[in-house]
Structures are given as C-alpha cells and as structure tokens.
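As recorded in TrEMBL:
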type	residues	note
DOMAIN	B:6-184	domain 'Guanylate kinase-like'
BINDING	B:Gly13, B:Pro14, B:Ser15, B:Gly16, B:Val17, B:Gly18, B:Lys19, B:Gly20	ATP binding site
Number of protein chains: 2
Amino acid sequence: MIDKKGILFILSGPSGVGKGTVRKALFDQATDLQYSISVTTRKPRNGEKHGVDYFFHEKEEVEKMIEQNKLLEWAEYVGNYYGTPREYVEETLDSGKDVFLEIEVQGALQVKDNFPEGVFIFLFPPSLEELKNRIINRGTESEDLVRNRLLAAKEEIEMMEAYDYVVVNDEVNHAVEKINSIVQAEHCNRERIAEEYKKALESDME
Amino acid sequence: MIDKKGILFILSGPSGVGKGTVRKALFDQATDLQYSISVTTRKPRNGEKHGVDYFFHEKEEVEKMIEQNKLLEWAEYVGNYYGTPREYVEETLDSGKDVFLEIEVQGALQVKDNFPEGVFIFLFPPSLEELKNRIINRGTESEDLVRNRLLAAKEEIEMMEAYDYVVVNDEVNHAVEKINSIVQAEHCNRERIAEEYKKALESDME
C-alpha cells in the first residue's frame, strides 16, 4: 500500500576499526542494500566494469562534477579522484532501494553536509587497546606511524557527535546484526514515513 | 566495557489494530524485555500474584500515587484504577533491563508527557478496511458501535505524530521482527549512548 523510498546508510569510523571487514560480511549475506558505486579517474583494472565496480571517468569530467556539486563527497588519492555521484544515489533511492556507503570519517562528514537525510552509523572500537592492536597487526607500520594513526583515530572518535548510531565492532557478526536492525528500524522511523502513511489512509477513505 | 541502562518501549495504536496479539507473540519468543507490571485496585483473581501479575493496592494508596505523580499513566476502568508505577519502571531500567509497555493511545500520550525519553511505537493497521474487519470480527458490536470505534480509531491515528516509530501490523511475525529491530537499533542510538562511550574511552586512556 505504501510507496517506499530507499534510505542512504553511511558506515564510517576511525581507521583500523574494521569498516571494510564489516561491510564485506554484510554483503556476503543476502541483503537488499545496494552498495554505492564510486566515480574514479583511475584506469579500470582487469575485469572491472563501468557501472559495476566504478564509474570510470576522465579527470576533466570529475572536476566538472565537483564544480557542479554532483558528488556527495570526493577525495584525491595517489593522483586520482574518487567520489560518490549524487545522481546515481538519488536514482537508486527513488527506485525504492537502500544505498550503503562505507567510507572514511572525513568523507562521511562531507556526505552529511550534502545529504543530511542519510543515516550515519559510526563503527566504534571495542577499546583503544584493541584499536591499537589492529593498527599494529596491519603489519608494515613503524612505531611512529602507529602512534600517529592512533592519535588520528582518537580525533575521529570525537566526530561521533555527527552520527545517528554507534555500533561497537566487538564481533563482526554482532556489528552486522546491529546494522541490519538499524536498516529495518529506520524504515519504521515515523518522521520518514508519517506523510506516506497519511496519504495511504486518505486514499483508503475515498 | 559499557554500563548499559535499559530503555522504556511503549507499544500503542488504535483500538482493533492488534496490540495485544503482537505483544503476546513478542513475549512468546525468547526476549530480554521486561513486561511492565501495572498497579491496580481490583482484587487479585485466582493465582494472580502481587509483583508478578499486578501490584495490588488499596484505592487510597493509588489515589495518593496519582496525587504525587508516581504513575506514568493511569485510568479508571469499571470502578478500578489501573496505572504504571514510575518507581518500578525506573528501578528496572537502572538494573539494565528494557521495559515494555502495551497500552491504549490515551495512556501512551500520558507516558510521553511523564517519560519523554521512552521509545514510542505506533502499531498501524494495514488498511482502514482491515481495521474495520477486525473490529467487526470481535463479534458482539452493533453497527453503530463499529462506526463509532472506527471513527475513534481514525482520531487515534492522528496521534501518530507523537510517536518515534510506526510499525504496520500486516502480519504479526513481521511486526514482532520490526519491534525487535527497533529495540536493538535504539541501543545503538548515538544520542542515548555517546556519553557512556566517551567515558569508557577516557577510562581506557588512563
């Protein structure tokens, strides 16, 4: 009876917290979420497809998108642009599908500015000790680099205030379960749906 | 690591929508929710226990509780008082347990005034047609009474604005699943937990 619009969910959190692992576990299950496809200026690698893995564009095109505010967020990394195209996200939401974006804290804050109606989920380390271990266990980092990354992580945790939800990543499957609950609960959020329900009732009364 | 406080969940909705059935199905499952125990002035029936089925009190005691604002909501029904004791709810929440209250719309609005930090869930009929059928199928009602109850239900639906969530009762097990998701999501609600998380991190850094 009700014409449902999709919701944009953003998973973010300090570096080392395990965002990628949680996102992978979430998409390894059956899910109705659509993973957000980024634009990039880097060249396609073997087997990568335009519109599936990335939207591949020339540098000038992406710079024009940035200028025209057509990206919900963007960053430059090793000489290439990466960003989230607003049009793709909005078309997917309009088709009734939820979009899921996993991204660094700085990118999430850009999305928040450009798309405040998104649902922002902050992945939280079980403890600072654990976060430190995870950063160290990535291997290649020197002691100085570990200290810097831990300091950066603490600063990123301060950004928690901008988020709607906080999920502790104590165990990947717990975190995934909580994210799935947040997705379902947000589809029951009265502020999002009250208008649609009222319309449905009115047409019901005709 | 985190000292969790319970949350008060209130399930309400128009008469005939199936609140009692959904509540029963929710508690037939394994659940960590504590069903809210009411005070009443009616006499205990066979096998009913004080502090389990109800808190049984004398009329004067309940009137004193009303006067001293010790009830989150109350109503008189067939000559007896019924109400939700604030102290019992708060002690249960402090012990870390969630409390679940199923109640008519008028009672829910009283709770909202007295305990705005509760999470208010509105159970919504799949359609007005369906609501009418359910009211008729209760049996004993005359045509006039059905019309009046349907009108009352429409007015109650207007109260939806005061709620945090809207759950369609299309199928009891769907509604129960959504309520369970709302419970889990609210425990991740940043506004509720950010303070506790920050404290945990600070003690972590010592």
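Each residue's number is its place along the chain shown, starting with 1.
Backbone N, Cα and C atoms are what each Cβ position is placed from, and that goes for glycine too.
Distribution of TrEMBL features across the structure.
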{"residue": "B:Gly13", "record": "ATP binding site", "contacts (Cβ under 8 Å, 6+ apart)": "B:Lys19, B:Val105, B:Phe122, B:Leu123, B:Phe124, B:Pro125, B:Glu156, B:Asn169"}
{"residue": "B:Pro14", "record": "ATP binding site", "contacts (Cβ under 8 Å, 6+ apart)": "B:Val105, B:Pro125, B:Leu131, B:Ala152, B:Ala153, B:Lys154, B:Glu156, B:Ile157"}
{"residue": "B:Ser15", "record": "ATP binding site", "contacts (Cβ under 8 Å, 6+ apart)": "B:Glu104, B:Ile135, B:Arg149, B:Ala152, B:Ala153, B:Glu156"}
{"residue": "B:Gly16", "record": "ATP binding site", "contacts (Cβ under 8 Å, 6+ apart)": "B:Pro125, B:Leu131, B:Arg134, B:Ile135, B:Arg138, B:Arg149, B:Ala153"}
{"residue": "B:Val17", "record": "ATP binding site", "contacts (Cβ under 8 Å, 6+ apart)": "B:Leu123, B:Phe124, B:Pro125, B:Leu131, B:Arg134, B:Ala153, B:Asn169"}
{"residue": "B:Gly18", "record": "ATP binding site", "contacts (Cβ under 8 Å, 6+ apart)": "B:Leu123, B:Arg134, B:Asn169, B:Val172, B:Ala175"}
{"residue": "B:Gly20", "record": "ATP binding site", "contacts (Cβ under 8 Å, 6+ apart)": "B:Glu102"}
Around B:Lys19 (ATP binding site), how many other CB atoms lie within 10 A of its CB?
21
Kindly state the mean pLDDT of the domain 'Guanylate kinase-like' (B:6-184) in the predicted structure.
92
